[in-house]
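Record features, source Swiss-Prot:
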| type | residues | note |
| --- | --- | --- |
| REGION | 1-26 | region 'Disordered' |
| DOMAIN | 87-146 | domain 'KID' |
| REGION | 94-113 | region 'Disordered' |
| MOD_RES | Ser119 | phosphoserine |
| CROSSLNK | Lys122 | SUMO2 cross-link |
| REGION | 125-148 | region 'Disordered' |
| MOD_RES | Ser128 | phosphoserine |
| MOD_RES | Ser257 | phosphoserine |
| DOMAIN | 269-327 | domain 'bZIP' |
| REGION | 270-295 | region 'Basic motif' |
| CROSSLNK | Lys271 | SUMO1 cross-link |
| CROSSLNK | Lys290 | SUMO1 cross-link |
| SITE | Arg300 | site 'Required for binding TORCs' |
Amino acid sequence: MTMESGAENQQSGDAAVTEAENQQMTVQAQPQIATLAQVSMPAAHATSSAPTVTLVQLPNGQTVQVHGVIQAAQPSVIQSPQVQTVQISTIAESEDSQESVDSVTDSQKRREILSRRPSYRKILNDLSSDAPGVPRIEEEKSEEETSAPAITTVTVPTPIYQTSSGQYIAITQGGAIQLANNGTDGVQGLQTLTMTNAAATQPGTTILQYAQTTDGQQILVPSNQVVVQAASGDVQTYQIRTAPTSTIAPGVVMASSPALPTQPAEEAARKREVRLMKNREAARECRRKKKEYVKCLENRVAVLENQNKTLIEELKALKDLYCHKSD
């Protein structure tokens, strides 16, 4: 019992000493703890972890376990402003996409406005709608509308030709030839001259056909000639030349009179004759002047030769005279 009580007294004494030392260490460490507490304030919001245990050796040689007040540095919970940067870049991309969509919409609207403008063919049709006998040009349609073939009706006017004598010749589609004098008004009072149509023949053959006048007379003429009887009773023959189908469209007939040349050809021939006549006159005058000049030169040479002979004779006479005086 005595040993047990002694041990208890010793343990109680050691405990009292330990408590006193702990109090002294606590008093000495208060400024540091306060400082550490001040330093560790920003990390108060960090996640809780187990406190670190530090072994402290006292001056009397005892070792005490002290719970560390300074906590380990925790990873910062402050997020970097990358999220905001990503947000800004996303907004910029969305604005670019919106601008591209707007540009595509504007280009589509511009194409629609251009497609609504009237084409040149439509303007030409509007201008030529009032002119009689002018075929209308169908406006180009889209591919959807061109599925069905469009048929255009073209009205071909009756060709009317005027000869150099003042007569009018109208050739209808049926093959009839109508004649009118210069005094008639328009197409009224035309004399109809019907010609029988000949069948297709080989090239190089001559076809004769009957031409019936208004008074009932029939005249046998070649197929490429037309006989015209004027009001005065004169009968004139006109030759009709048909050009090949490759150069002129079918239905176009060229009428010409071999006996009466056209006015431009006569004017050109007259000008050519005048030019040739002037050239001949100029050449004749040039030759005449050349002959006169040659004659003038020949006369001058003859005069100079005579003068030279005279001077030679005078020189001889002077020499003879000088020789006699010296003797």
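The backbone N, Cα and C atoms fix where each Cβ goes, and this holds for glycine too.
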CB neighbours within 10 A of the residue listed as 'SUMO2 cross-link', counting all protein chains shown, number 13
Using DSSP with the three-state reduction, classify Lys122 (SUMO2 cross-link) as helix, strand or coil. helix
Candidate nearest Lys290 (SUMO1 cross-link) in space, where candidates are the recorded positions Lys122, Lys271, Arg300 and distance is Cα-Cα: Arg300
Report the DSSP secondary-structure composition of the domain 'bZIP' (269-327) as helix, strand and coil residue counts. 58 helix, 0 strand, 1 coil
Do me a favour and check the Cα-Cα span between Arg300 (site 'Required for binding TORCs') and Lys271 (SUMO1 cross-link); whole Å is fine. 44
How big is the Cα-to-Cα gap, in Å, between Lys271 (SUMO1 cross-link) and Lys122 (SUMO2 cross-link)? 48
Take the Cβ of Lys271 (SUMO1 cross-link) and count every other Cβ within 10 Å, whichever protein chain it belongs to. 10
Taking every residue in the domain 'bZIP' (269-327), what is their average pLDDT? 93
